[in-house]
Structures are given as C-alpha cells and as structure tokens.
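Some notes on the structure that comes next.
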Amino acid sequence: MTTTLRVQSARRPYDVTIGPGLLDETGPMLLARGVDPTVKLFLVTDDEVARFGYAERVMDSCRQAGFAVAAAVVPAGDASKSFANAERLYQEMLRAGIRRSGVLLAVGGGMVGDLGGFVAATYQRGIRYVQVPTTLLAHDSSIGGKVAVNLPEAKNLVGAFHPPIAVIFDVTALSSLPAREWCGGMAEVIKHGLIGDPQLFADLEAAPVTSYPGPERAEALIARAAAVKVRIVEEDEHEAWRRMVLNVGHTVGHAVEQVSGYQIHHGEAVAIGLRVESEIAWGRGWLSADDKDRLIRVLAAHGLPVTVPQLPWDEVVAVLHHDKKHGDDHWTFALPRAVGDVVIVRDVRYEELAAAWSRSAADADTGGGKPGGGGAP
Ligand SMILES: NC(=O)c1ccc[n+]([C@@H]2O[C@H](COP(=O)([O-])OP(=O)(O)OC[C@H]3O[C@@H](n4cnc5c(N)ncnc54)[C@H](O)[C@@H]3O)[C@@H](O)[C@H]2O)c1
Ligand SMILES: O=C(O)C(=O)C[C@@H](O)[C@H](O)[C@H](O)COP(=O)(O)O
Ligand SMILES: [Zn+2]
C-alpha cells in the first residue's frame, strides 16, 4: 500500500508518496512526474546512508528508467550542512555536466535534504530536486521547501524556500535506523500532534512507538504527522506568520543543538526546546499543568530528553539572538496553549525564558505547581 499527500505549493503542486519499496521505483516515478529521461540526475547522500545501499538502489532504478546519474557523498552529521560542502557539490555537478534542466536527488535524512535542497535552490539560480527521505525525522524536513546550510554562529541561517518536485518516502529504509535516530524523529511526530492532531498525540501517549514498527504502521504514522505539516505549509508556505507554529520547540532547540556542538541531535534538541517552551507557556498561565505534564511524559516515553543539559547559559542566549523569528526588540516564540493549540507570540521577555530554563533543570524546584516558580540561571 502507498499513501499520497498532495502539497499545493505556489510554485507547483507536488506529491508526497509514502510506502514500502519506493527506492526501487524512483526512476519510473520521475518519468511519471514528467521528468524527461534525457536530463541528467545528480544524487547527493551521506556516507552512512550509502553504507546501507539506499543510494545504489535509487541509482539503479533511475538508470533502468533511462536516466544518466552522477553522485556525490558527504560525511554524515550536521557539520556537513555547510557552505564548504555546497561549493564542493556545485563543482562536482558542473564536472558531471548538470545543466539547468538537471534534477538533484537528495537521498538521506534532514541533513542531506537541507543541504541538497540548498544546492538545488542555488545552482545555476535553481534546479529541480526530489526528496528521498531515509529517516523518520525527514517526514518533516522533506516537506515544505525549507532548505538551508548552517553558519558557524547558528543553524539554518542561510537558505531558501525551494519546494521539491516530489517526495518519495520508502518506509522500509527506516528499518536500519539506530534507536537514537528513530526516537529523534518521534520528537517531530509528537510536535505535529501537539500542533494539529490531538488524537495522534493521545495515541502516542497510549502506545509509544519507540522503534521501527514495520512498514504498515510506519506508513500510517508518517502519513498522520506529515498531514499536519502539509496543511500548515499550504496555509503559509513562506512563513509570513502561521507557519511559525512549526517552529515550536525550535527557538530553544536550535540554540541547544548549536551550543552542544551538535552532540545533541536535532530531534533531541527539539524535545528539550518543547520542555522549556512549555514552561514559558505554563508560566504565563496559558498551558495547564496537566497538558505540560502530558507533553513531558510523552516525550520521555519516547526516550527523549526533557531536562536542559549543562550548557553555558550565555552562549545559549547569544545563539538565541540569531533566531530568524527574533525581532530587534522582542523574542518571538511559538508556544503551546493546549494539546492541539500552538500560538505565536512576539513578546517573550528574557526573564521568562531564564525562569523557564531553570524550571526545566533536572533538579528544578517547579514552584509547587504554580506558574512563576523557579529562579533565573
Ligand atoms: N527543512 C526542514 O523543514 C527541516 C525540518 C526538520 C529538520 N530539519 C533539519 O534536518 C536535520 C536533522 O535531520 P535527521 O535527524 O534526519 O538527521 P541526519 O540527516 O543527520 O540523519 C541522522 C543520522 O542517521 C543516519 N541515517 C539516515 N538514514 C538512515 C537509515 N535509513 N538507516 C541508518 N542510518 C540512517 C544519517 O547518516 C545520520 O548519521 C537537521 O539539520 C535539521 O535542522 C529540517
Ligand atoms: O518547516 C518548518 O517551517 C519548520 O519550522 C520545521 C522545523 O522542524 C525545521 O527544523 C526547520 O528547519 C526549522 O526552520 P528554521 O526556519 O527555524 O530554520
Ligand atoms: Zn525541526
């Protein structure tokens, strides 16, 4: 069985196809989307994904469908989402004879998708690309067209909105994901439940999914979480306002990820960010203690961290100032008001953030369950 979600993008609509065995169907799927077999393809992957043979299978399928395919491999890990790698890929594409008509295939997790998408958005002022996600987390990153590289100062600071022409998600590739990466992906699944699918959230509370559950259940889970993302991207593709809700957990999360030197992975950092940001919302009297505890419990039940790590607070705050939602004179955050209700606010004060961080420490005194407890770092 496969599930198809259509995304109504301003540039052109595209399909997200989720199902088993799709790596071996990539070539015919490109032909079905009208990609002419005379155009050259350029596949980008990382060395860990390559080890499992997923890129080979995509290339074989494309060659059998009549395409010429060149490929490049970058080292696994978020440090590869860099200008240095983008420049290397541009040069390899040029050597491989990729023209404006060419199509890039990003085969991997969110790192490969963001880097490959950024290269596609900028090479010769933009070429088409296809997302072929191989991590659970990439149900999020492969949809919506946000592509970026990191700067040494902060994550995702240089990028574009460049929608793919297709997302081809072979759920069987997830069978080789390490437990840590599966659970990291669950942070974004839980986030999507929190934002727009309270029943998904409740189902995860009742029966946590802590490892690959087999192709049918993986497909159903991804389809539900991805449906929330698609809905919001369609409402506000270029993040004028509403799309910022997808950033819940990320304002703090990105800073944690960056200051940890990427030792804390994206999904784990988002879980920590969700904890701290839910403390801000609770401190305002918006999020009930019950909903805050539900969020903390469901994250923890998926093996995710829910307390802040020992990181230099000054560095965390410095990185928070680079957040793209941050205005000149205010902090902008997406905050949960309830399960199924996330809002964007422009007026978070430093003191609120500091208090929420303190309340998220492993040994925190949470103020006896009353908003406003806990001291500043
Ligand atoms: N563009 C967006 O909207 C968006 C959304 C969410 C996250 N992101 C970005 O995505 C990145 C995180 O994505 P990620 O968690 O997928 O990380 P990742 O791409 O670094 O993958 C995590 C690890 O899993 C390995 N891996 C990938 N597929 C595998 C498989 N099938 N079997 C075994 N190992 C496999 C990778 O080699 C890597 O070591 C971050 O850079 C984040 O900023 C972007
Ligand atoms: O698609 C979005 O919009 C998101 O915010 C999804 C996030 O999960 C993702 O990590 C995204 O890359 C964050 O974007 P940024 O604009 O904060 O860099
Ligand atoms: Zn994210």
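Keep in mind that glycine also has a Cβ here, set from the backbone N, Cα and C atoms.
Look at TrEMBL and you will find Thr134, Thr135, Lys146, Lys155 tagged as NAD(+) binding site. Annotated Zn(2+) binding site per TrEMBL: Glu188, His250, His266, in sequence order. Among the features that TrEMBL reports, domain '3-dehydroquinate synthase N-terminal' is placed at 73-182. What TrEMBL lists as domain '3-dehydroquinate synthase C-terminal' is 185-325.
Mapped onto this structure are the features recorded in TrEMBL.
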residue: Thr134; record: NAD(+) binding site; Cβ within 10 Å: 29
residue: Thr135; record: NAD(+) binding site; Cβ within 10 Å: 27
residue: Lys146; record: NAD(+) binding site; Cβ within 10 Å: 23
residue: Lys155; record: NAD(+) binding site; Cβ within 10 Å: 25
residue: Glu188; record: Zn(2+) binding site; Cβ within 10 Å: 26
residue: His250; record: Zn(2+) binding site; Cβ within 10 Å: 27
residue: His266; record: Zn(2+) binding site; Cβ within 10 Å: 27
Which binding-site residues out of Thr134, Thr135, Lys146, His250 lie by ligand 2, going by a Cβ under 6 Å? Lys146, His250
Expressed to the nearest Å, what is the distance separating Thr135 (NAD(+) binding site) and His266 (Zn(2+) binding site) at their Cα atoms? 12
Mind running the binding-site residues Thr135, Lys146, His250 against ligand 1 and keeping the ones whose CB falls under 6 Å of it? Thr135, Lys146
Could you give the number of helix, strand and coil residues in the domain '3-dehydroquinate synthase N-terminal' (73-182) as assigned by DSSP? 46 helix, 27 strand, 37 coil
What is the interatomic distance between the Cα atoms of His266 (Zn(2+) binding site) and Thr134 (NAD(+) binding site), given in whole Å? 15
Just checking a number: largest C-alpha distance across Thr134, Thr135, Lys146, Lys155 for the NAD(+) site, rounded to a whole Å. 21
Where Lys155 (NAD(+) binding site) and His250 (Zn(2+) binding site) are concerned, what is their Cα separation in Å, rounded? 11
What does DSSP assign Glu188 (Zn(2+) binding site), in three states? helix
If the Zn(2+) site is taken as the center of the Cβ atoms of Glu188, His250, His266, which further residues of that chain fall within 8 Å of it by their Cβ? Leu137, Asp140, Ala187, Lys191, Gly249, Gly253, Gly267, Ala269, Val270, Gly273
